[in-house]
Amino acid sequence: MHSELSPCATMVGLKPPEVPPPAAVKFVSAGMAGCIADLCTFPLDTAKVRLQIQGEVTIPRTVSSVEYRGVLGTLSTMVRTEGARSLYRGLAAGLQRQMSFASIRIGLYDSVKQLYTPKGADNTGMATRLLAGCTTGAVAVACAQPTDVVKVRFQASGAQWDSARRYSGTVDAYRTIAREEGVRGLWRGTLPNIARNAIINCGELVTYDLLKDALLRAQLMTDNVPCHFVAAFGAGFCATVVASPVDVVKTRYMNASPGQYRNALSCLLALLMQDGPAGLYKGFVPSFLRLGSWNVVMFVSYEQLQRLMVLARPALA
């Protein structure tokens, strides 16, 4: 995601490096930026999960009269019935996920894109960008899936009366799932998650890549924070629109008890029979608020962290 720039310094943020940062810098920066973005937007992600599984799980009688309604309604209901800490339930697993997931799918995107680009090519084509996005997204899911399963279980636990305290902590969750559901339980929902993140990766990274490149080439903006903000916001909206249906199925399947669904397809069919096509976009508003804000925080942090690490390398040498 590096573009040719004019030699002028930026007015906002750190000055862009004269040469692209090495892959190791991008890898570490992506993981750190993903953690920063999760810290800022985790309550919205939890609200999204609660809205997506609503109607599937049995909500306690004490709160059944106050179902989750909208983003603010979901957040206020959780704070009122479960306490403010419930908004960050599963954060430890979420940060563990970003340290591996974001590092691979975002930090290695440019390297894989260069690998797929034919030698001597002047520009990177759309197909190459999409292929690179799908590749890093799939590899990242394969590595980080157990952390995603644990994160979703914790986020959904407050809506499940019979299992609200089934895990005493993050490490206990990994052990309990492996013991009760087998090691395969930690990779529950891998296929729909690969599909989701391949789509999201293309929606996020490729859209961000193209928007940023277009803004710079048209000289509408310089390579600074406002440019990153605009490109990231557009990438978040695009990713939410194309990935929401897969995200709903992934969340329900990963949160399901053993034997509830035979596979991801049966989960999809059950969802369509119960809620119709509109069910595929359950939690769309919190998904967009979360994914849009997550992209803005992540990409702005990612770009600045790369530049900070490049500036710090000579001092550390």
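Cβ coordinates are placed from backbone N, Cα and C, and glycine is handled just like the others.
Automated prediction, rather than curation, is the source of TrEMBL annotations.
As annotated by TrEMBL, repeat 'Solcar' applies to 21-115 (among others).
Helix first, then strand, then coil: DSSP counts for the repeat 'Solcar' (124-214) stand at 76 helix, 0 strand, 15 coil. Per TrEMBL, the feature repeat 'Solcar' maps to 124-214 (among others).
Residues annotated as repeat 'Solcar' in TrEMBL: 223-308 (among others).
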Across the repeat 'Solcar' (124-214), average pLDDT on the 0 to 100 scale: 84
For the repeat 'Solcar' (21-115), the number of residues DSSP places in helix, strand and coil: 71 helix, 0 strand, 24 coil
